[in-house]
Every structure is written in C-alpha cells, then in structure tokens.
C-alpha cells in the first residue's frame, strides 16, 4: 500500500472507486475522469488510464454511457489532437455493446474526436476502425459503423472512397433490419460528404434499394432521406429521382410511411421548385389531407400552414383550402385539434380578404367544436389573426367559447383557458375585457380545485402587469378584498396568495394603504393555516414596503403570531421576523 | 395438407421417437410443488438454447451441450456420424423473473406465474429474452462475465471507510495545482481477470401498466425492434427500447361489457412479414391483420373460420371451439391452431376451412360433460410445428402428446407419453384399445368402459426444436426431451 500525501487523498479515492462495487461510486469516478487524467499526467493517461478503460468495458450500461460521453471530450487530457487516436480503441469497443444509448453516445464521441483529427491520422486510424466495425460479427458493431462514414469519407484517398461507398451500400442490404435502419437514417449525412458525381450514381442506387425494402421501418427512414437528399441534388435531378419516389411513398400501403411523407412533404417543395410542386406535390399533399387513416390526416393537417407558406396564395386557396374546410368537420377530434393549432397561421398568408371570406367561417366553426382542445387551440393563436383582420369579427363567437371553456367541468380545460387570459386581454383590449371577462377572473378565485385558484391568483398578477396599477386599483383590488372574508378558509387563503402576488406589481403605496390592512386582519383568523400564511405573506411584503411600516405594522403583528399556540404559526412567524431583522441590518 | 414439392420422392415415414433427457424428474411418491410446475417452453431461433418458465415466476435456461464445442463438431463430421447425434441440452442458469404482487388500486393479487417466454435477438454473445406474467412483460439480458479481482489500491480499503467521501471539485481551489507530469505516487488499481465465468441475468426493461386483463401472448416482430403483448381484449404494440409507452392496435372490448361474446386467446406475428399479425379467439376464429392499413386494426385482412356442420351443435360446441394457441409455420404460409378437440392447419390463402384437421383425443368426446364439470374443458393446450413444417404436435391428458404428419398422404399419428419410456403406450387410436390402460392405471379414474384418463396430468406446454426432430414437453415440474432420427427412405 503506497503512502498517499494528504492533499492527494481525494484523488486517490476517486481512482480507487473506478473499481468500487457500488455503481454510484463508479459512476462518480467516471464522471470525474478528467480529474483523474490530470492527476496522472498526459503520458500516464495515454499509457495507463486509456488501456485500463479499454480492458474494463464490461461494466454496467450506466457506467459505460458515462465513459462514452467523457471520452468524447478527452482529447486535451491525452496530449492534444496528435494523440487523439489513443482514444479510439475504448470507444470502438463501446460501439459494439448491446445497449443502444451507449452505442449512440460512443458514435457521437467518435465523430467529435474524428472531426478534430488530422487527415493523415484519420486515414491511419479512423477509417480502419470504421471498416472493422462495418465488418463486425454482431449487428451492434455494424449499426454503429453507419454513423461514422460522414466523418471518415472526406479525408479518404480515392481508392478508399470507392471502398467506403461500396461498404455502405452493403450495409444497406444487411440481413439485419437494425443495420439497414441505421444505414437509412444516416444516409443523408453521408450523402452530404459524397461528390456530386457519385451522389447521382452510387448514393441514389442505395437510396432506391432502401425505398423498396420489405421492412416498413426501413422504408419509413428512407422517407426522411428524401428531404435530405433532395436538398443536395440539383433541382432537375431531384425532380427526376426524388419526386417519383416521394409521390410513390405518398400512396404507400403502410399508413406509417404515408404519415412520414405527410410530415416531410413541405421540405421537399423548395428542393424541387415551384412547377413540380404545383403539378405533383400539391396533388400528393391533397391526397394525404384526405387519407383514410386519421393519423395521416393529423400529420398532414398539422403541416398545412407550413405547406401553404411555400405555395403562392392562389394555389393554396384553390387546392388546399377546400381540404381544410373538410378537415374542420373531420370525424376525428385529433385531426380537428391539429388543424386548429395551425390554421390561424394561414391568415397572414392568405391576406385580409381571403381570410374574411374563407377562413373566418372555419375559425367560427372550430370555436364551436364539441371538444375543448380544438377551441383552446384556436384561442391560443388568436394574435395571428388579430394582425390581419382585427378581432371584432371574431369577438361575437369568441366570448361564448371562452365562457364555456371557463366553466368546463374538466379542471385541466379551465386551467388551460386561464393561462390564455392575459393573451386574450392584450388582444381584446381593456374595454372588451372589463365588460365580459372580468367577472370570470374573479369567479376562478373561488373554484373548487386548488390548481385553478392558484392559476387564478397568478392570472390577476399578469393582468395587473398588462393593464397597469390604476386599472387594477379599480377593477381587481376591490373585488379581491371583498372576498377576504369568505366563510371558507381555503378561499381566504387564495386571497392571501393573490395579495402577495399583486403587492410587488402595485408598489409600496397601494400595498400599505389597501392590502396590508387585510393581511394584518387575517392574522386574527381562527384557522392556523391562515395565520401562518399571513406570516409568509408578511415576510414577502417586507422588501416592498417602507422601513417604518415594517416597524409599526408588520413586526408587531409577527411578534404576536410568534407567540401563537400553534407550532407552525410560531415557526413561520419567527422565520419572517428573522428576515425583517436581516433587512434592517443590511439597510 | 401440405402438397409435396417436385423434388420429394414420397411421403416421409413416421418418426420413431426415443427418450433423450429429463430435467427435474419426480421421484416415486414425491409430491409436486405448485411453484415448480412448468408454464412455458421456448427454443431460441438457432436451437442452441431452451427456456422454460414456471408458476413460481422463475425462468430456467438450458444450452446445447454439443453446439458450443466446434472442435468436437468437426471431429464428428470427420467420423461421419454427425447426423446420428441429436441435440442434447444442459442446465445453464435460472433467475427469478417475476414476483407475486398486489395491485392496491384494484385489490387484485398478481400471480408470479410465467405465461410466456420469447427469445430475442442475441448480441455480443449475450442472451436476450422477454418473459411475462398476467400483467407485466420484462426484458432480460443474460451475460457471461469473467470473474475479476481488484487489488493494489491507492488506499487501504479498510482504512478509507469513515474518512468521508470527497465531494468538492478538485483542482478548482487555487492552491491546488496539477504538475504537468502528474503525481507519480498515484496509480490505477490492478484488475486480475480470472478464468472462471459467471452468468449474470439482468432485467433491462419492464413493460408495465398497459394491460387491464391477463396477458396471454407475447410475440417478437421480424423487424427486431417491436413486439406485441395480447390480453383477453386488447393487443398492444411496443418498441423494445421504450418501456413507458405502447400503442393499442387491437381492441375488441365492447362499449357495454354485457355485449362481450368473444375474447382474444392467442396472438403471433408473422415470421417474416413485419406488418402481418394473427390472433385467435374464443369463438374458434383466427384473424389476420395488416398493420399497414390503419393505426387501430379493428378490421381484419383475413378471417379463418370453419363453417359449422349443420345438426352437430351441442351445449359444448362453442366451448370446445375456443382456440387455445396458434403458431405460424416457419415458411410463413401456414398457421397451426389448437382447439379443445383438434389441431388444425390453415393455409393463409384459404380462409374457408383448414387444409388439415387432426383429432387429438376424440375418445374424450363422450366425456365432455365430466370435463366441463371439473373445468378441464377450459384447459389451454399449446401446439407446435417442426422446423421443416412437415409435422405438428400437441399435448393431451395422462401426460400424453401426439405428433401428426401434415404432408398430404401421410397418416403419421403417434401418441407418446412424457416419461422415460415414451412409446410404452403407443396406440394409434386410444379409444379402441382403452382396455390396455387398465393394467397401467393405479390411482387413475376409470369410466364405465374401463378407459382411464388422468385429467390432472395434462401436458399443456411443448416446443419443437427449430432445426432437428427434438420435442421438449412439460409434465408438471419435469421437462422431458425426445428425439427422432430421420428415417432413411
């Protein structure tokens, strides 16, 4: 047993715990690997620590994951980029383990290191590693190899490049669907590094194979490749090679493939240019909007605004809008909900006239939808329409919708609408708000559900911020203070909470003249829960009000509470007193 | 019946089955512990491993003794009797997969009994499998680890205890400087790798809280990333990597439970088509669904159902029609189903009737009343196909199981007993020779004709080796293995 100097003691523990039986301690040590490396010095890190890690790779997955992550940023500790290849062997082993998240992290770290390595080192160390993994006995190694080609390829000499392309093409035909999936999902990244000439030949033929794979899960990922490849190709090549594929995919037997197309289609419009978009992609998209499978319609409906943004308004009105009308009365509530969450964004695209003429009826029908989610989604995006046509045209339907949501029997729906009230207030203006919505905001303070009362108190604060203290003095404070004597203690507590939230917004004067009185009165409450909440509120008021007020009103009240028979009241009162003393000391 | 290919010379001769091995054989007079009763059997795809599950929530793994040793295998080939060797297995390891639980919300006890075991893709020599009880599916990894010894620590391990764990950031303090060459006094612990290995089972994922009813099947998809779990009314689709969400793809629960007429009894993925799935029902139908058609597969692509013969209806017709198990053939073209009295082989291209029907224990037909009274009529027998698809097998009572040839023209129908002497009661039609049972029966129940059936000794679970003629079957707590050599034509 070597003698360890006192200051080195913690590091010695850290090193020993690399092999502790407790997984938490091993994890801790691995996370501090850089500290261990610095303590050993660069040379011994290269010669001892890294081989040590390479040999001890049968640890639990959590430890391996941490190791894979640490090694990705380890270049400085082994002596800089010229020694980066030292780090490859342990990561290579981690690329072969069974747990997906460990492999993914190891690949990520390898890419990070590879991106820093010199070209000659890549050829000497990195490319052979990729080839070894690609030829691995178990599918796990081959899966990992697919994610490394885009780092290896650019620096490879011509011969090796040819070989790498052919290896990748083999991986795309691997027996294991897992490997083909990995190859398909990494194809875009790899293709971005391949020269245009090979892109059109090798990569496109790989891509075509993938698009015809037996496994739905592989074809699905090939769809993602469409957009990525489309952006790399010249528009005419994209039209020749990608367009037919995507049009095919949009009619695939598998709804999951069509679902992916619905999600990705708008990205392709830019790559192919306006004319093919009009002739091919718009009809494909219209088909998807009318798909049999609700999941596909949900995806398509959710992209309707993004898609229309690319088209010229004429096309959108002519082809897409009729579908949107259909979808607004779709049999699936999720489709309508997806549509409602984006449809408001179409207003700026279509312009004022088309919006009033075409979209407004849809908005109004969605605002009357039987499912609250749909209505909520419309209300949440109100600002986008407001900019185009103003709110007046909507306000007639808006109010009943809001009132109904505000009284919905599901508290989560009520909660959602409360969160939108400040947005509504800012869009609708003070006048409208006072007439119609003010009463609702007070009503929520007396809701049966705590979360609603809590949100209601918060809502008052946000309204006060929106409309300013003068307005609040007139429209909120009197109503709130009226409720301070509610017979139910839980409601009295909500008012205390509202006061503590409003006070910072209202400022010192109003707090002292209006609010403080209510709080000190509440300190005489018969319920201890109210009393200790009074202590908490008073504590929060100390920084807001003037020192003299603390001395004359707050402290005497707290002193009284600190002698209360209830232990909790005494505790919070004393805590508040301590705060007041600290404030006094510092001032 | 499966038509013969052009290359075939004729109908293969019946196999001669011989006893191979037994695990957990009961001694005379020994009583069977409930927890030891085997409740699931499954060979892996390569045939190198076998797994069983039992009522005590344990999973036991067996491995082939002749498979691992390649040198030995090569020697065998040289000696030209490689064909003569049949696979033999040895105990590998076991682990507690499920524990008894209690659902406090529903006030329900959840048994630990393993309902199904399914092998998953192996990787890096580690074995992976899924096991399920009534409610929860678990994903297990069994890995061989070298036994390691750690020595030469920086600090005396006994002394370091109680010195307090260090937690502050080292090197962050200004007075602590790392010299460029490091501290020579520090060193890494030495790990000595022993020759011994240790099998470590680890539960990797738990797929829970997705079933309101009892899980009857789990099945892996050919895509290698998804599997299904089926209960009485619903089938859920999972990604192996994600345990906190699943998708409901089949739901046969009626709005009003009083309208319930049919439950799901078994479900299996097609061996190669990732989008095809079959499930059977208590009404005797098999539905094939195409997962590409829609997200919720309420409509089937195909419905396999045999039309009732008019006039044959009785009180038991519906009960015995219930399918207890279905299995796809390796070719993916046939489905084998087991109902109470028969084994049926279906061609995916013919929905109207099975291509072959095998009577498993027709002699019990007059006894259906008794079987109903003692609940035996609800026993769930499993079935299996041979790797080449030429034969099928299923279990019966009195620890018997039957093997049928399903090539057209074959009349192979063998009855075997799960014991060391499987053929001692070999009879083609037990109903006719029921008299011969009497001499063997001791504590068994006799009927008026002198026929004896032991309804408690039911052989529910069995599996056929994927590449050779080996059948593993469970008789209570014992696992019996039988083999047959291919008879030269």
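Note that Cβ sites are derived from N, Cα and C of the backbone, with glycine treated the same way.
Summarising the annotation, TrEMBL assigns repeat 'HEAT' to A:10-48 (among others). Residue counts for the repeat 'HEAT' (A:10-48) under DSSP, split into helix (H, G, I), strand (E, B) and coil, are 35 helix, 0 strand, 4 coil.
TrEMBL lists A:164-202 (among others) with the feature repeat 'HEAT'. Within its own chain, the repeat 'HEAT' (A:164-202) is flanked in space by residues 127, 130-131, 134, 139, 142-147, 149-150, 152-154, 156, 209-210, 213, 215, 217-218, 221-222, 224-225, 227-229, 232-233, 237, 241, which lie at least six positions past its ends and keep a Cβ under 8 Å from the stretch.
Under the heading repeat 'HEAT', TrEMBL lists A:203-241 (among others). Restricting the average to the repeat 'HEAT' (A:203-241) gives a pLDDT of 90.
Sequence annotations record features per position, and here TrEMBL assigns repeat 'HEAT' to A:242-280 (among others). Using DSSP to sort the residues of the repeat 'HEAT' (A:242-280) gives these counts of helix, strand and coil: 33 helix, 0 strand, 6 coil.
Among the features that TrEMBL reports, repeat 'HEAT' is placed at A:281-319 (among others).
Sequence annotations record features per position, and here TrEMBL assigns repeat 'HEAT' to A:320-358 (among others).
What TrEMBL lists as domain 'Phosphatase 2A Regulatory Subunit A helical' is A:358-511.
What TrEMBL records for A:359-397 (among others) is repeat 'HEAT'. If you look at the repeat 'HEAT' (A:359-397), the same-chain residues 6 or more away from its ends with a CB under 8 A from one of its CBs are 324-325, 328-329, 333, 336-337, 339-348, 350-352, 404-405, 408, 410, 413, 416-417, 420, 423-424, 427-428, 432.
Note: the repeat 'HEAT' (A:398-436) comprises 34 helix, 0 strand, 5 coil (DSSP; helix = H, G, I, strand = E, B). The repeat 'HEAT' annotation in TrEMBL covers A:398-436 (among others).
Look at TrEMBL and you will find A:437-475 (among others) tagged as repeat 'HEAT'.
Summarising the annotation, TrEMBL assigns repeat 'HEAT' to A:476-514 (among others). Counting residues of the repeat 'HEAT' (A:476-514) by DSSP class, helix then strand then coil, yields 34 helix, 0 strand, 5 coil.
The repeat 'HEAT' annotation in TrEMBL covers A:515-553 (among others). Long-range contacts of the repeat 'HEAT' (A:515-553) within the same chain: residues 477, 481, 484, 489, 492-493, 495-497, 499-500, 502-504, 506-508, 560-561, 564, 566, 568-569, 571-573, 575-576, 579-580, 583-584, 587, each at least 6 residues beyond the stretch ends and with a Cβ under 8 Å from a Cβ of the stretch.
For the repeat 'HEAT' (A:554-587), the DSSP-based tally of helix, strand and coil residues reads 28 helix, 0 strand, 6 coil. Per TrEMBL, the feature repeat 'HEAT' maps to A:554-587 (among others).
Long-range contacts of the repeat 'HEAT' (A:10-48) within its own chain (CB-CB distance under 8 A, at least 6 residues past either end) are made by residues 4, 56, 59-60, 62-63, 66-67, 70-71, 73-74, 77-79, 83, 86. With a cut-off of 8 Å between Cβ atoms, the residues of this chain six or more beyond the repeat 'HEAT' (A:203-241) that come close are 165, 168-169, 172-173, 177, 180-181, 183-185, 187-192, 194, 248-249, 252, 254, 256-257, 260-261, 264, 267-268, 270-273, 276. The list of residues near the repeat 'HEAT' (A:476-514) in space but at least 6 beyond its ends in sequence, with Cβ under 8 angstroms from a Cβ of it, reads 441-442, 445-446, 450, 453-454, 456-458, 460-461, 463-465, 469, 521-522, 525, 527, 529-530, 533-534, 536-537, 540-541, 544-546, 549. For the repeat 'HEAT' (A:281-319), the residues of the chain that approach it from at least six positions outside its boundaries are 243, 246-247, 250-251, 255, 258-259, 261-263, 265-266, 268-270, 272, 274, 326-327, 330-332, 334-335, 338-339, 341-343, 345-346, 349-351, 354, 358, judged by C-beta separation under 8 angstroms. Residues 207-208, 211, 216, 219-220, 223-224, 226-227, 229-231, 233, 235, 287-288, 291-293, 295-296, 299-300, 302-303, 306-307, 310-312, 315 of the same chain sit 6 or more residues outside the repeat 'HEAT' (A:242-280) yet have a Cβ under 8 Å from a Cβ within it. Note: the repeat 'HEAT' (A:203-241) comprises 33 helix, 0 strand, 6 coil (DSSP; helix = H, G, I, strand = E, B).
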